[in-house]
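Quick one: this structure, given as structure tokens, is what I'll be asking you about.
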Amino acid sequence: MSTDALMIIVIAGLLSTACAVLGSFLVLRRQALLPDAVSHAVLPGIVLIFVLTGQRGSMLTVLGATAFGLICVAGFEWLRRTGLVAPDAALALVFPALFSLGVLGIGTYASGAHIDVDSAIYGDLTFAPLRTVELAGQAVPRSLLITGGATVAVAILVVVLWRPLKASTFDPGFAQSAGLRGRVVSTVLLLAVTVVAVVAFDSVGAILVITFFVVPAAAAHQVATRLSSMLLTAVGIGWASSLLGYRLAEQLDSSIPGSIGLASVMLFALAWLAGRGRGRLGRFLHRGSSRDTTTRTTIPVQQARPSESHATAAPSRDR
């Protein structure tokens, strides 16, 4: 395996770790579409930075995109807490408004420039090893530093906020009444999701980011029975998807991000089939074993009834 291939797998694996950990909480909270919403809501930030500086594809563009991603999250949280609309409806109200604002900005202030999300902040995992920075005299892929830093930051965040995160995910009312600041912790979680998503967009592209936020966590949810085991399983599925997807792309000579995404969905399908208690295959096997148990327990009783009737009839003949 070449150095570039190893770098691609490691970058994808690190990204999957950060996204899968945060994504597990999103899946349990039924907010899995948030990363996809952020990917659309960042367009006004890109347009604003271009209008102010005339640049696109710079670090300022990423900062502008992050700012509007945070605005999307803030608007979603405000609408959700008002209780006027359901959480999914709140998300569906916020990001189309921001995306439309970005489209209007392009038409009004930057109609002569080719500005869109793909050309401004979305990178490609395939070329990640080629975008390097100097570190201690060595050329290191920038995406490796970004995804590695994101993974460390997410790990620290989850360890520090583990108890309130867990409580606010499963019982927000209890978390708030117990003084665990459930609302503050939920806001911090959404802010972390936004920052990781936008920064990762710049490094590896939107397909992988959205995939890694949702699919490994959803797959782990099919087989895990505890939150801690769900996080570890999701991380393992993310790394397995990275390796299998890269091998699949090699064999098919196709897109690496697309192949990794396909591998993730395939692993989800396996988890869905084999999930204990909830998977289709698991339920089928459980149903079959239940029938066998019922048959084994009822047949001897049915066979015993004739002898029981004979035994009860014997005394009457003696009389």
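The backbone N, Cα and C atoms fix where each Cβ goes, glycine too.
TrEMBL labels come from automatic prediction, so no person has curated them.
According to TrEMBL:
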TRANSMEM  6-28  transmembrane segment
TRANSMEM  33-53  transmembrane segment
TRANSMEM  59-79  transmembrane segment
TRANSMEM  91-110  transmembrane segment
TRANSMEM  144-162  transmembrane segment
TRANSMEM  183-201  transmembrane segment
TRANSMEM  231-249  transmembrane segment
TRANSMEM  255-275  transmembrane segment
REGION    285-319  region 'Disordered'
COMPBIAS  299-310  compositional bias 'Polar residues'
Kindly say whether the transmembrane segment (144-162) and the transmembrane segment (183-201) touch, using the definition of 3 or more Cβ pairs under 8 Å where each pair is 6 or more positions apart.
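Since 3 or more Cβ pairs under 8 Å link them, the transmembrane segment (144-162) and the transmembrane segment (183-201) do come into contact.
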Can you name the far-off residues of the same chain, 6+ from the ends of the transmembrane segment (6-28), with a Cβ under 8 Å from a Cβ of it?
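Apart from its flanks, the transmembrane segment (6-28) reaches 34-35, 125-126, 128-129, 141, 143-144, 147-148, 150-151, 153-155, 158, 165, 169-170, 189, 192-193, 196-197, 200, 203-204, 208-209, 212-214, 216-218, 220-221, 227, 230-231, 234-235, 237-239, 241-243, 245-246, 256, 260.
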Counting only pairs at least 6 apart in sequence, do the transmembrane segment (33-53) and the transmembrane segment (91-110) share 3+ Cβ pairs under 8 Å?
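Yes, the transmembrane segment (33-53) and the transmembrane segment (91-110) are in contact.
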